[in-house]
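Asks: Annotations per TrEMBL:
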- GLY285, ASN308, ASP342: Ca(2+) binding site (BINDING)
- ILE946: Fe cation binding site (BINDING)
- 270-381: domain 'PLAT' (DOMAIN)
- 377-946: domain 'Lipoxygenase' (DOMAIN)
- TRP366: site 'Essential for stabilizing binding to COTL1' (SITE)
Amino acid sequence: MRHANLFTDDDASCDFRLASLKFADEDGGGPLDLIFSTGRMPLFYNLAELEKLDGALGKQEDGFRKWLFERPINYWAAVDGMRRAPTSYSSQVYYNHFTYHMTFSDESTELVRFRLVPAADVSESGLLNEQQQKQAWVRERHSDIGNRESYLSEEYESQVEKHGAVRWILQVQLHDVAELSGYNPCELWDPVTHPWRNVADVFVTGILPAQFTDKMDFNIDNRPDILSFPEAKSVFDFKSANKALQIMYECHQTRMQRRQVLQDPEEKVSSYVITLESGQQSRSGTLSSVQITLQGKTRRTGRHTLSNVYLTSGLHVHLVKDRSIGNLIAIQVDIRHRLSSDWYLNRLLVTCLERNETYVFPCFAWFTDDNKTMVLRPDPAVSLPQMEQYTKLAVVRKWELQKKKEQYRWADSKTVVKTQVEGHNEDNLPGRIAVKEMKHLPRDAQIPEERIKHFWHNLNAGFLNLQLGRLASLISEWKHTDDFKTMVNRLLEKTDTMDYVMEHWTEDKEFGRQMLDGTYPTLIRRLASLPPNFVVPDDALVGVLDRGHTLGEEIQEGTIFMVEYPDLQTVLRYPDRYVAEATCLLYVRSDGALVPIAIRLQQSSDSHELIWTPNDSPMDWLCAKIWVKCAHYQYHQIVGRMMCRLMLEPIAVALNRCLSVAHPVYQLLQSHLKTAIGINVMDRQVFGAGYNEFLAIADGGHIALLKKTYKKFTFKILNLPLDLETRGVDDPAVLPNYHYRDDALALWQVIRQFVEKMISLFYHCDSDVAGDEEIQAWIDECHSKGFLNWEENIDHGFPDKISSLEELSEILTSVIFTATGQYAALNYSQYDYNTFAPNMPSTMNRPPPKEKGVVTMKSIVEMLPTRRQTAFSIAVAYAMSRHEGGEVLLGNYPEYSFTEPGPRKAVDNFQGDLKKLSSAIHVRNRKLAVPYRTLLPEKIPHFIAI
């Protein structure tokens, strides 16, 4: 924005005052320039009248006086628009005298005028009094005015310094094109029938020296396609007034650019050493031109080009000289595209040599074609929006979020992503980003190439290093479950848990242990009553319930638990592959062991459906348990792992859209959610069809299963203590040996304590939470856009607002725990339990038995996965369970997240508490036949890995 006088350099003269807006931070160009002047109408209403005015001005004062009296409208326009020695630029109302055509999206057209009004309730200063109106042609300053020629600029800067910003409101007025009189710029549109409407807030937060503003080129030809000028037929046409105004302002522009601005002898010049630290990531250098602008409390420097050479990783030092601007509050970094624009900037250091002060500006983000400008704040760079010290930074926050809302768009019914399987939409699932391919994501949300390569390397290693291809070829066909052992025993990488599983997999106690501490430990729940049509004859459990009670009595005692897989019903299977929608009852024996006692393989309304129990033949019972494990495998891969990832994506999308990078909650969550968007985009792009190789559920069946699960989902499921209580498994006295529960609860408490401490450093009371507009916007978008149901409008339990520290702490703990501990529990034990296919088959290749007494070892082996299916399952389990090289572990927040002593101490204490938890788990594990290591803090990544 530039303020100026139309004809003279003297602020005390009688002149028109101008305000020019450029919607770009550059000297020329840009999407839109608007030029305003005091006065409701211009001095002319067509091009012919401008020529007369120009001739009159050439004859000095006498010529201007004669022109004023030539027509009443001339005199009226001059008196209405000229100001003599106003007290401030900011007390004026500015009118854009151009009449535009605006074309709307429905192709309708209206006439448009703009104006700029002060947001503050002030009276216009400098209006001509009666005596001055009688001598309106006298433009020189009065002799009794002692102000300096540039006093308006000095007064403007003092306002910015005092209030943090000068705020304006941009307004628009619309008029029907059909009314020809609307084109007359000297005819005012009735504000009752054509009201002024607010369209934008304009904040002036810093002052540039005249040497820079005078060079700026404001051009009305800089405008979007929807704005155009009506074509004039002659110099007398009202429509020619636009051309006349353009000519007048071009003459003013030339005068501004030619005038010599003398350096203020009192203006201090400072030397700034600028150090750029580029990232170490692959392809993080740039050939783009890097430009910086330093921002003080009320002043800023001009734009300085730091480099036109290739910036590699590492440090790059530059010297910049400019006027002194006091303490730095921000720095703007721009890149100008040359051959390659992508550039990763770690941080930027600015040292003012005269003041011997160094400022650190963390960035740790990518500059790209879609993100060429960033405004960085000095370290420490974290604050709540309502506690911003400078208006400049408050405005930057809003600008940043507007830009991020463009980059992180929600998918809607038109942009909903389709899977690789044609016809299977992912609607009726959690909200997601409107991007179909990784390369179209914002660069900071993409999974780095190195991580993707690492995953594919592990997947290939699953075949090569484990020699799966060779091992599979050694066995022509399965004859016994021991053949699977032969294959596993020849793997180059084995674990002690894997050995234990192969030795004990047929035992009921091991079956129960895996339901508690295996790949999917969150499925089990206590039974309050038998499922419909699940009829277990009393004699079927003779000798099974070792306390001598009936099944009904044991249910009342709380010793009966259940895992079930009802949503597998009607879900598409891959041809010639099978899985049962099984239900399994489990019993806590008097020795504390959890064992299966009854299995139903079908969800049926038939009360005579077969119920399998330990009193059946050993082969029948083993076969029934294997079918349960196959259902468990499908649920684990799709309902457990995939749904866990899907639940985090909307939280991450809303986080990026609603929270500034300066927000403490953004800094707390961003590093945990950095992969949440990209990993789901990659799932939708690649992995959906990959399940066809080894799962029973395929051809879009996994999407159908996810939809069924999401329909019943509530956000409270992510709250571990509530989930354990809801499932009735929270009491160790009732359900012992549930090591997942014990370790997960301990981890939850450590995370909760850390979260509470961290947010207490920024929020001092509940009203701070209620008054945080960014947090409230994040919560609202999670509720309305993230956890929605596309068709049935089901409430998934995410609040639409929060008003207390307790609520915020609960949500943040749920998110961090889900992204770290919960996902680790669901992901990193796959190689231990899924490698030996009979223990956890990925598919069954024969239908389940319809009667008892017919199952043999041969029929069981024929049901189990083929060699190819087994090899794929092992390779995927190996790749998924591997920790990435140099992986960031839980609690290791990036160095730029929290740098102040309070937050750093909270992080240090968090890391110390995690080490204590690890020690306690190690001590407990020494007493276990199968140590539960999945939730050891040193094995939990800080964010979801591929």
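Residue numbering: from 1, along the chain as shown.
Glycine is no exception: its Cβ is also placed from the backbone N, Cα and C atoms.
A TrEMBL annotation is a machine prediction, not a hand-curated record.
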Asks: When a 10 Å sphere is centred on the Cβ of TRP366 (site 'Essential for stabilizing binding to COTL1'), how many other Cβ atoms does it contain?
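Replies: Taking all protein chains shown, TRP366 (site 'Essential for stabilizing binding to COTL1') has 21 Cβ neighbours within 10 Å.
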Asks: Measuring Cα to Cα, tell me the gap between ASP342 (Ca(2+) binding site) and TRP366 (site 'Essential for stabilizing binding to COTL1') in whole angstrom.
Replies: 7
Asks: Across the whole of the domain 'PLAT' (270-381), what does the mean pLDDT come to? Round it, please.
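Replies: PLDDT averaged over the stretch: 83.
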Asks: Roughly how many angstrom lie between the C-alpha atoms of TRP366 (site 'Essential for stabilizing binding to COTL1') and ILE946 (Fe cation binding site)?
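Replies: Their Cα atoms are separated by 21 Å.
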Asks: Per DSSP, what is the helix/strand/coil residue tally across the domain 'PLAT' (270-381)?
Replies: 0 helix, 71 strand, 41 coil
Asks: When you tally the Cβ atoms that lie within 10 Å of each candidate's Cβ, which of the binding-site residues (ASP342, ILE946) has the highest tally?
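Replies: Of the binding-site residues ASP342, ILE946, the most buried by Cβ count within 10 Å is ILE946.
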